[in-house]
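Colleague: Next up is a structure, given as structure tokens.
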Ligand SMILES: O=C(O)C1=C[C@@H](OP(=O)(O)O)[C@@H](O)[C@H](O)C1
Ligand SMILES: C=C(OP(=O)(O)O)C(=O)O
């Protein structure tokens, strides 16, 4: 197994231009494929999750031309018609590909088999399949009930009134919303349970609007979507920088000192994870806000106690910032960390303890007390990009650390460690 030994970093300085957002890239690619006409997508993310969406679309006959850096795509929209692929669609561990494609293909003529990495087979999808099945979809579990892989016999769904459980993942609602305009009739989607990760629904509604579809959102409880619509190409669309990826640089500047300008997200960001920068202000970071960039400097860092349900991805970064803050940090209402790339609550607790922190792992929260002395250890990353990136903060805090399997950042940020090294002194 490959390992990366990170030497203590004394200071960070410079400019980071963020790669495109994963959440926006995959939503935009899918709607660009479904709409009529050509769409030019700029600042597209080039990473595994996007490669899986692109691969699936190409297997279904969508023509996509990429520039050499794979950051610009010309997508020829098929007007809602997708070919039956001759092979299974392999979607890795990309939730933003697997869930929306499940819903869209359930209402598309054809036969589709959706498979993924072993971890994808442990990530629940029952809430989405239940809602689609209630609408008449023909979806079969190929191995275990409520989990991928799935076989879909697609047919145009008629729409109607449907309930969907929102308590485990917002991606299920995102998927249903993106498919709903393609139903023959109107739909009314009611949320069962407490909807988690709400800001991702705003991302979904925003991208749908850019492709010409408006959704009536009644307080995140009921969503009404007109049926029999076609998505319209916006012509050209820019993918905003990835706000979750920004969290590592916000944290780095706050911990290490120096100054980092992060380009690609700012006060006008459409991504909920920009909220992490506000949390870091509470922790003590100094931040100058601009429309589409922020400048971050160190402050006196102190532990905070936050509900992180709205920022599940970026909140992981706070768990390693906690190592360098004064007093304890608590991150609450994050049960669904357990059903992502790995059981993140358990994995973070385990690795933070190895470094020397005192940690309480609750059912849906984590509490972290900073170490009195730091241990130089190998961090296991569980094939989870965010664990690898989060633990680089130990080096940023001036302590040596070894990251196992650093290439797992390829899921969303293949060049992460190069970018970190480019701003480190
Ligand atoms: O819709 C999206 O783009 C995402 C939603 C979130 O998932 P959950 O809704 O499952 O929390 C987030 O963790 C994931 O990385 C991306
Ligand atoms: C949870 C994540 O990914 P996915 O889109 O596969 O859910 C993530 O990127 O942290």
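Cβ atoms are placed via backbone N, Cα and C, with glycine included.
Curation does not apply to TrEMBL; its annotations are automatic.
It should be emphasised that the depicted structure is a prediction, and the values quoted were computed from it without experimental measurement.
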Colleague: For the phosphoenolpyruvate site that TrEMBL assigns to 95, 123, 171, 344, 386, 411, which of 22, 36, 40 is also named?
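Modeller: Within the candidate list, TrEMBL flags 22.
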Colleague: Ligand 2 is in the model; which of the binding-site residues 95, 170, 197, 336, 344 have a C-beta less than 6 angstroms from one of its atoms?
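Modeller: Checked binding-site residues vs ligand 2; flagged 95.
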Colleague: Within 10 Å of residue 386 (phosphoenolpyruvate binding site) (Cα to Cα), which of the binding-site residues 27, 170, 197, 336 do you find?
Modeller: none
Colleague: Under a criterion of Cβ-Cβ distance under 8 Å and sequence separation of at least 6, what residues of the same chain contact residue 171 (phosphoenolpyruvate binding site)?
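Modeller: The list for residue 171 (phosphoenolpyruvate binding site) reads 95, 96, 99, 100, 128, 197, 200, given in order along the sequence.
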Colleague: Using a Cβ cut-off under 8 Å and a sequence separation of 6 or more, which residues in the same chain sit near residue 411 (phosphoenolpyruvate binding site)?
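Modeller: The answer is 47, 48, 49, 92, 93, 94, 341, 385.
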Colleague: Can you list which of these binding-site residues (27, 170, 171, 344, 411) have a Cβ closer than 6 Å to ligand 1?
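Modeller: Among the binding-site residues listed, those whose Cβ sits under 6 Å from ligand 1 are 170, 171.
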Colleague: Quick one: Cα separation, residue 313 (active site, proton acceptor) versus residue 344 (phosphoenolpyruvate binding site), in Å?
Modeller: 10
